[in-house]
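Everything on this sheet refers to the single structure shown next.
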Amino acid sequence: MDFSSPSTIQSQLRHDWTIAEILNLFEIPFMDLLYQAHTIHRQHFDPNQIQASTLLSIKTGGCPEDCAYCPQSIHHQTSVESEPLLSLNQVVEAATQARAQGANRFCMGAAWRSPKERSLEKIIDMIKEVKSLGLETCVTLGMLAPGQAEQLKAAGLDYYNHNLDTSPEFYEEIITTRTYQDRLDTLAQVRAAGIYVCCGGIVGMGEDRVHRVGLLANLANLPQHPESVPINQLVKVTGTPLADAPSLDPFEFVRTIACARILMPQSFVRLSAGRETMSDELQALCFFAGANSLFCGDKLLTTPNPEMNRDQQLLKRLGLAFSATENFEKTSSSTCQSIASISS
Ligand code: SAM
Ligand code: DTB
Ligand code: SF4
């Protein structure tokens, strides 16, 4: 393929990517890869707009799953304590604050294998209240049983986050308590219920490039690309089996972002966990490579995220603005003010 002219760079919506093709993409010279990814990015998005979501852990710790990266698993001895589900009031308060800070989507995460019916009723109330604040809603609750996605959709849920995390081949080294197929089944239920899909993975877990390629292939070859693709860089947490995982070459991280952009041209690619330890320059490269979404706020679920002030300064220095909404059915939203405009 010729990567030297914008006219030869065409982004197609494909669902038949092979591992060999994606490996070839990873192997092209860095500048050519960035050029191609950025050109595709510009064909679908305003390159100066970044979507912002805020995360809240509504049920922290005590999770029965054994995900090797996760500080919330009961299988690992970390400093995260198990807490009960937050009350509706606590959630509404946090969402109101997030809205005031400029986020347009509020993501609620629960450390569950899957939601029990009684808990789901409480989540449904939370979704309704957060939506009534004019925010987009996202939840991540683990695996869904048949019918639960429909209940969430009826409550007005916009997005469901459920990650493939890594390639099928590396998966068993990371999680043994649920299968790759379990994840695909939950994603299919979410899609069938008409909820937007937020699905990505983690890199920097000691996997090889071929496993990063396998993750991207499985995301891109889903029947429909996820609307939102979070790319997490492992946050190494003391007490988890991955606490001493070897650090990923930052340029390899940028390549992963660029390849995600090329493979899923119309999806929002989210620079997710791991930003706290990334330099401003690395994040800027990621935005150039096609990342156009992030989590804002000082905390992810249990680990730190860059402080709001640092993000505001970064966006200002790069001339980027937080966008109104990524909702695919709405073209504008009056509910949110851009963080950049608040800061200026
Ligand atoms: N329990 C639910 C589940 O696993 O689907 C929802 C919450 S879980 C914390 C959501 C995602 O966070 C995981 O799929 C994983 O990709 C990401 N994650 C968890 N711990 C992480 C870490 N230490 N570093 C980077 N990403 C992490
Ligand atoms: C996702 O892919 N990343 C977010 C969100 N979805 C729920 C979570 C990151 C969690 C990082 C570890 C923690 O803070 O506990
Ligand atoms: Fe539980 Fe989700 Fe953490 Fe896995 S990633 S241990 S399912 S909270």
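Just so you know, glycine gets a Cβ as well, placed from its N, Cα and C.
Cys63 ([4Fe-4S] cluster binding site) falls within a strand segment according to DSSP. Take the CB of Cys63 ([4Fe-4S] cluster binding site) and look out to 10 A: across all protein chains shown you find 23 other CB atoms. As annotated by TrEMBL, [4Fe-4S] cluster binding site applies to Cys63, Cys67, Cys70.
For Cys107, Cys138, Cys198, Arg270, the entry in TrEMBL reads [2Fe-2S] cluster binding site. Around the Cβ of Cys138 ([2Fe-2S] cluster binding site), 24 further Cβ atoms fall within 10 Å across all displayed protein chains.
The domain 'Radical SAM core' annotation in TrEMBL covers 48-275.
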Problem set entry | Check: same-chain CB within 8 A of [4Fe-4S] cluster site center, minus Cys63, Cys67, Cys70 | Glu65, Asp66, Tyr69, Pro71, Gln72, Ser73, His75, His76, Ala111
Seminar exercise, completed: Those binding-site residues among Cys107, Cys138, Cys198, Arg270 lining ligand 1, judged by a Cβ under 6 Å from any of its atoms, are none
Problem set entry | Residues flanking the [2Fe-2S] cluster site, with Cβ no more than 8 Å from the Cβ centroid of Cys107, Cys138, Cys198, Arg270 and excluding those residues themselves | Ser53, Arg105, Thr140, Tyr159, Asn161, Ser228, Pro230
Seminar exercise, completed: Whole-Å Cα distance, Cys70 ([4Fe-4S] cluster binding site) to Arg270 ([2Fe-2S] cluster binding site), is 19
